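What follows is one structure encoded as structure tokens, with my remarks underneath.
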Number of protein chains: 2
Amino acid sequence: MKLLRLLRVQELTYNQKEKRLASAIKNIVGSKPLNLSLYTLAFRHVSVSKEIKSGVKISNERLEYLGDAVLGTVVAEYLFQKFPYRDEGFLTETRSRIVNRESLNQVGQKIGLPKIVESEMDGRVPNSFKSLYGDTLEALIGAIYLDRGYYFCKKFINKRLINPFFDLDNIIATTTNFKSKIIEWSQKDNKEIDFELKSLDNNQRFKEFTVCLNIDGSSFSEGKGPTKKKAEQEAARIACEKLQITF
Amino acid sequence: MKLLRLLRVQELTYNQKEKRLASAIKNIVGSKPLNLSLYTLAFRHVSVSKEIKSGVKISNERLEYLGDAVLGTVVAEYLFQKFPYRDEGFLTETRSRIVNRESLNQVGQKIGLPKIVESEMDGRVPNSFKSLYGDTLEALIGAIYLDRGYYFCKKFINKRLINPFFDLDNIIATTTNFKSKIIEWSQKDNKEIDFELKSLDNNQRFKEFTVCLNIDGSSFSEGKGPTKKKAEQEAARIACEKLQITF
């Protein structure tokens, strides 16, 4: 089976629509699909899915779930390697700014998914599904992972998605710093805030800092962490949440 | 460098402590480390980390961030393959029940991390860090991924973590069904609840159901989804959250 796929024997049996899909995939991914049915599935939105037995529908949602995980890992490693001196808080936050509905949706559109989606859905593309292309992009990543394996998929994500489409410098410049957000807020609203170190649990050299954020002299939120800086960030994060400060 | 690692030349330079660590890793992982320094790092808790320059500490937290992502992907695929007829909601939920602090902590203890942690921390193991072994397990997965690559790491997770330590049948039996939870709650609290289909957006064959959950006749929460069942689950989930129903 695998040999037949590698020899691309199935290509001989493609109909017109399948030929179109295979060549569109080649444009996006850089090489022809081995198992085209995975890609057909990746473009099958739940709203046009077929019911194969009672309650079981075949749609791209399962591939989307898988692709979401693979994308998360590849981006995690990308940032891990690129920023050897940044802590995991920074990495996690930067990742969530890369992998989110809106940015994936934009990238999905830029690499040309709308045309394929339209063709695969026979023109019935809905306007109401805002994250359609982001979801489809994740499903496509799931299909590539199953079709070509982890390392091929990783290369696809790094070379054809992250490098050309994500402006990392810009993303990093705006990565949320809760402490600075709350300070900004206090200046605008003319409030007095300060971070007060409440306690330091120094048990057996394991430090836990507890920091209290006071607003106009009275305690407003509390954060804990292994460093003073992290405890302050945590206290500020909770305060931002309580105050419903948006970013 | 890679050749030297494959030939395990570095083993000749191990001191006593490193020899102990290498053999402990071999017991857990099934083969000796190629790059031992990754594993040393995996066991360096932030509280015993060294500051290499101002503000930059070397600890296992970055590896933990990476390992968490890799573990998520491997478990995602494991469930994807094992349950070909279950939808992504089920898969996501089951995954989060496998990959959570508490269960990872238990598995970390079962595979023998406490002994290594103790040795690597020269006996200064804290009692206060509840998720110490779960965090260390994730960092170890990150180290294995960097040291041996994705497929080796995947095999380790499937064969040595999921299969022996996770009782999937039991996890699945208790996977949260929000609708049944809210029905249970209503019966206990003697409330009248019903799910009411508010609207069905059937634009160009793309369906979006909106379901309202009424409690004692008045609207309490609303859910949307591509099927009626999903919209109901979503409405029930929001209601559970509002009512602070715990599981």
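Backbone N, Cα and C atoms are what each Cβ position is placed from, and that goes for glycine too.
Bear in mind that TrEMBL entries carry predicted annotations, made automatically and left uncurated.
The shown structure was predicted, so the numbers you read here are calculated from the model rather than taken from an experiment.
The Mg(2+) site in TrEMBL is built from A:ASP135, A:GLU138 plus one of A:GLU61, A:GLU64, A:GLU222, A:GLU232, namely A:GLU64. Ranking the recorded positions A:GLU64, A:ASP68, A:GLU138 by C-beta neighbours within 10 Å puts A:GLU138 at the top. When the domain 'DRBM' (A:177-245) is classified with DSSP, helix, strand and coil residues number 29 helix, 25 strand, 15 coil. Those binding-site residues from A:GLU64, A:ASP135, A:GLU138 lying by chain B, with Cβ under 8 Å from one of its Cβ atoms, are A:GLU64. This prediction places the mean pLDDT of the domain 'DRBM' (A:177-245) at 85.
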